[in-house]
């Protein structure tokens, strides 16, 4: 054993085979421990320490020198100390600390414990099961960006508080990134990777890996995979392209391989990168970003506001959201689904939107951007210089040296420099960003948005100046009406226009100035309390706003309290159980944004708001309904009730009310009036039975009182219901429905095809259109004028038509119906009905039946599909149900319509027309010889049987094809639908030489091919080897499905073919 200490020179200090202690000094010393368990300390200078054999302790020193420490064999302890050191444990199980500085640490063989301590270190565990930890970030000078390599063996590798690179390499490793944004690569083996804090990238490599991103936005990377991967963030699993399956936890983003990958997101905001290959990317729910990379990719954003990113493309891209087709700048063609945002390349791109609200980042290059329909935005926030964007001229200098052409763009986000942004005639939104921007909204209602500001803003629309620190600058505002503030304490002032203010979080001061001005709290995260009388508002973010010269309020999606002042206020409560008090003035509640119909009663002060909530209302006079079917009721004031879109019911109550129905079939309801009403839809006025005179706008229906009312329609198709009392109803022009109700009523249909409706009667009715009288089932006798149609009650009715073409509907009950003269249409409904069509060509209709019917016009009987049996006389035509019917004609010329279901239609004698089936969207294929044909399917299999005369067979609900012929033989035509023979139409008694005729105007090229001695195919596309046939026609002996199927199989094409457009031209075949 020796003890040696160097001096100020560069010393060479050697030990012995024993346990030596060697200390360097001020120079660049070399210390050689040789054998034994030695202690070596370099002290100052750039020292070289070699422990040699034995379990040695090596210390580099505390100065800034760059030391080299080699442990040699044995279980050594190495500490680099200060400076940028190189430490190598050598053989066996070593413990190494890099100390201060940027160190290179190698464990060598053995199970080593390696720590960077601080600085930007490179650590390689080498062989063995190593424990590796990057530099600690616990002290001021700690931390650092480390590169940590595990080598062979089962390693534990821990990153630090900086952005580290961790490589497990061979073996089943555990990697923990620690803080910041790390790269973790497991290498070969079943590894466990934990990104820990930060936005990490995790690559499991080969093996069944457990990849946990932990906190932050983390990416799983399969670029090194040797085959295609299937990554599903929703299920948390991935087939890794190495033949194993990874488990994914807390992973937000995914990058695929260079093969044909499938990447599926979850409900979060995912970033999916396909890389090379023909990839399928599906973002799922959330606002996702999809990058297909090279190849023909399918990019589906799913739900949310989703982006495709072509910024890495090596050539210009052509993106068309309307057609969903993209030329990706990498020689591939992508297909887009559910994409709203586009990021272009660095070249001259063509970017086209669709009907939605799109978002475009053109990037470098002279880009052509067309937003299409919707509210679309261009974003220049990444520009490296000021931009000049003019939506009126459609020209933008992009701040990157390019000039963009803009079309159908409404919104603009500027750069961080001094921009000039000019709007057009639309309603534009501008985000100026940092810099002293000049923003001119132009015509329209335009908005500036400062929600991204890093400090409070002061916006004055009267002076046209906005300030807000470095993130905003000093902006000049022209023709701006609306303002979105920051998340701080803003001061927002309006001008003489009608302004809208969104203060956002913070204690904001908002002065609307002149005009009718609005504050909007729809983005608040809690309920708001707004009192225009006191000028204060709790904003739902924890702030308190001061309000001056504000007339309108939009509430939050929570339970709000909104109070007006003495002005005429407007309130939009939105979602939540809101309490709204209009105060003095004439105030309005607006439900136009509701997602379902609303029921509003100003008299009771309640409203179901269309969001499944209930509002409490007071001191409100006017109501705007939703876009659905609303029920709006006024109070004793002079109310304005506007139904908006939908079939609305409006009840004004007392007062001189204005009832505006809007779009839809809308009703003015006077059922609660205390005396008779006089409603004239032509004049647009009504005396309301409560002493008021109402104005009616866009009203199509009227409901009278319990007294003797007068209701007059207009030129629309009106519904007039008298209620109780002896009422006088006049439909006017149009096809009207009049309901007299109780009392002795006069029902005048006026011009058009008008109906007297007794379906609500409490007893059987007797209606005779020939005499113009009706016993109404309520004890009254009605007088009928210009009535063509009758709907009976649910009881036993007697309905008699007149000389015109009547529609008679019996309803439930055992009805007696006589059409009289004319071509009548009769629906007996349920019950054992007696139906006599009378003179003319009359039709019974069973389309409302709940089961299949059996009708025989020859015997005059019908089972009606309601468990009843009808007796039929003088009926020529029948319409079947949606089920399997059997309809048989008589000796006359019958029209038999099967409707839905597998029907059997038998015409009998006479020139009959048999209509079998309506077309459906079901499709299939049939093989004929060596060719496979696509065919359009049908909902059912119908059998049509003609008689001895010239019958007409119509196949298809739209009369798409019909066949004419004389049934003189037993030859059959089979129309086969879905697949081979499971659906279709059979027409019996059709012989060779009959006519096949195509309806005019279909615009197809048709083809008829003989495929056997008695089998023909009829369809489209005369050239293709796989025509898309609409129908198949087989002429066979017998009618069973098995025979038809057998005929279609194992046949070869023959020579009977014609080509060219057919427009109502008859073609003969035999």
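Backbone N, Cα and C define each Cβ position, glycine as well.
As annotated by TrEMBL, compositional bias 'Polar residues' applies to 1-13. When Cβ-Cβ distances below 8 Å are used as the criterion, the compositional bias 'Polar residues' (1-13) is approached by residues 19-32, 36, 43, 45 of the same chain, each at least six residues removed from its ends.
Taken from TrEMBL, the feature compositional bias 'Low complexity' covers 73-87.
Residues or ranges marked as region 'Disordered' by TrEMBL: 1-20 (among others).
Sequence annotations record features per position, and here TrEMBL assigns region 'Disordered' to 73-111 (among others). For the region 'Disordered' (73-111), the residues of the chain that approach it from at least six positions outside its boundaries are 37, 42, 46, 51-67, 117-132, 135, 141, 144, 151, 153, judged by C-beta separation under 8 angstroms.
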Using DSSP, tally how many residues of the region 'Disordered' (1-20) sit in helix, strand and coil.
0 helix, 6 strand, 14 coil
Tally of helix, strand and coil residues over the compositional bias 'Low complexity' (73-87) according to DSSP?
0 helix, 5 strand, 10 coil
